[in-house]
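**Q** Take a look at what TrEMBL says about it:
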- Lys78, Gln99, Lys102, Gly153, Ser376: substrate binding site (BINDING)
- Lys114: active site, proton donor (ACT_SITE)
- Asp154: site 'Important for catalysis' (SITE)
- Thr197, Asn229: NAD(+) binding site (BINDING)
Amino acid sequence: MSNLPSEPEFEQAYKELVSTLENSTLFEKNPEFRTALSVVSIPERIIQFRVVWEDDSGALQVNRGYRVQFNSALGPYKGGLRFHPTVNLSILKFLGFEQIFKNALTGLQMGGGKGGADFDPKGKSDNEIRKFCVAFMTELSKHIGADTDVPAGDIGVSGREIGWMFGTYRKLRNQWEGVLTGKGGSWGGSLIRPEATGYGLVYYVGHMLEYAGKGDWTGKRVAISGSGNVAQYAALKCIELGATVVSLSDSKGALIAEGDKGFKPEEVYQIADLKVARKALTAFENSSYKYIEGARPWVHVGKVDVALPCATQNEVSKEEAQTLVDNGCLFIAEGSNMGCTQEAIDVFEGVRKAKGGESIWYAPGKAANAGGVAVSGLEMAQNSQRLNWTSEEVDEKLKGIMKNAFENGLNTAKEYLTTKDGELPSLVAGSNIAGFVKVVSAMKDQGDWY
């Protein structure tokens, strides 16, 4: 496709999927799936639009808005909205492509999509953000609906922004429906939704620990990057289950616990308050932690048992991956989407094949961080029934979904890849193949390829 402009993030996601399919027996057993690959890798529809809004000084501002409706074979398009100055079509196509297979692994009836705008909420007043949300949804509302496309939040889009967009949609369409997830609890939201991605990540890794014979979370040292929603709730659940969390970070630097200390729940809540106020971690004052400007935590945390990248894409490099391996890290699972570079994944997978049961074990985001979209799917189900489930009910369903996602990837890897005695199965290959087969099989049944 040399006639198209370069889309590095999407190309990385595509190549990562294809490499695992090629290195398995999938195409050997099912050669027709090569045709399916050429179809599933092109979005069903891409919507681009301008967003014109007025700042507090009365000046006109304009941004680019997007919605990539990638695949609807398994259900309505489902995926978040990201408001960040780096947003472009390559990033949204990569996120939407990953979302297709992630949603398939939840077992729920959801297709894959992603959207957003190159709008930067930082430095904007509440009034300016509200005006932008209204202008953005005024156009997006023409293309979404409870049975068509159900967006959610992502970077830069919290429950507050979801509320403003939902209200705009309701007024424009004159109907109340479960069109956005991450809604407020009193108007259609689900309990456990804010916590779901972080909690689900920890539940998933719990199954990795158990399968590898490493017990449970008790006493494990855990490095976490990020300090937003996913990182916060992953940290809180790790602490609750007996682990020691030794790092958090933001785009400006990393907070590293000194000695054997770890974050306390109240400190995580303090950091959460800083993020709501859109303040950097430099505003967190505590002598128990060392702040390293411009750094990610991986080379500064020393020996850890588990690493959880929870910030953004490509946040673990080849060199950082090797440092984690050298320092004895045994498990790494992505709370962010495509958190590891392909070179980092190659390091982890190479060590897994070489060292057997005592190697580092890598879990991709499309499986490990599926808890967020899983509970979004549960929110959609509650909206359809006009019911609200208890937090205990939702949490139990989330645990079941994460267990199934783990076992699906594990068993699929065993089916399509040769694994030596004592070698841990490839969760990245197994998850990729399991999600891919489910989606393209539905597409074939519906005549999307033949």
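Note: Cβ is positioned from N, Cα and C throughout, glycine not excepted.
Unlike curated entries, TrEMBL annotations are predicted automatically.
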**Q** What's the CA-CA gap between Asp154 (site 'Important for catalysis') and Thr197 (NAD(+) binding site) in angstrom, rounded?
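**A** Between the alpha carbons of Asp154 (site 'Important for catalysis') and Thr197 (NAD(+) binding site) there are 11 Å.
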**Q** Centre the Cβ atoms of Lys78, Gln99, Lys102, Gly153, Ser376, go out 8 Å, and tell me which other residues of that chain have a Cβ in range of the substrate site.
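**A** Along the chain, the qualifying residues are Gly79, Gly80, Asn103, Met110, Gly112, Ala152, Thr181, Gly372, Val373.
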**Q** Using only the Cα atoms of Lys78, Gln99, Lys102, Gly153, Ser376, which the record gives as binding substrate, return the largest interatomic distance in Å, rounded to a whole number.
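**A** The span, Cα to Cα at its widest, is 16 Å.
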**Q** Provide, as an integer number of angstrom, the distance between the C-alpha atoms of Gln99 (substrate binding site) and Lys114 (active site, proton donor).
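**A** Gln99 (substrate binding site) and Lys114 (active site, proton donor) have their Cα atoms 8 Å apart.
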**Q** Over all shown protein chains, what is the count of other CB atoms within 10 A of the CB belonging to Ser376 (substrate binding site)?
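**A** Excluding its own Cβ, Ser376 (substrate binding site) sees 29 Cβ atoms within 10 Å.
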**Q** Given the recorded positions Lys114, Thr197, Asn229, find the one whose Cα is closest in space to the Cα of Ser376 (substrate binding site).
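**A** The answer is Thr197.
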**Q** Taking the Cα of Lys114 (active site, proton donor) as the centre, which of the binding-site residues listed as Lys78, Lys102, Thr197, Asn229 lie within 10 Å of it?
**A** Lys78
**Q** Counting other Cβ atoms within 10 Å of each residue's Cβ, which of the recorded positions Lys102, Lys114 comes out lowest?
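**A** Among the recorded positions Lys102, Lys114, the sparsest Cβ neighbourhood within 10 Å belongs to Lys102.
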**Q** If you draw a 10 Å sphere around the Cβ of Lys78 (substrate binding site), how many other Cβ atoms fall inside it, taking every protein chain shown into account?
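**A** I count 31 other Cβ atoms within 10 Å of it.
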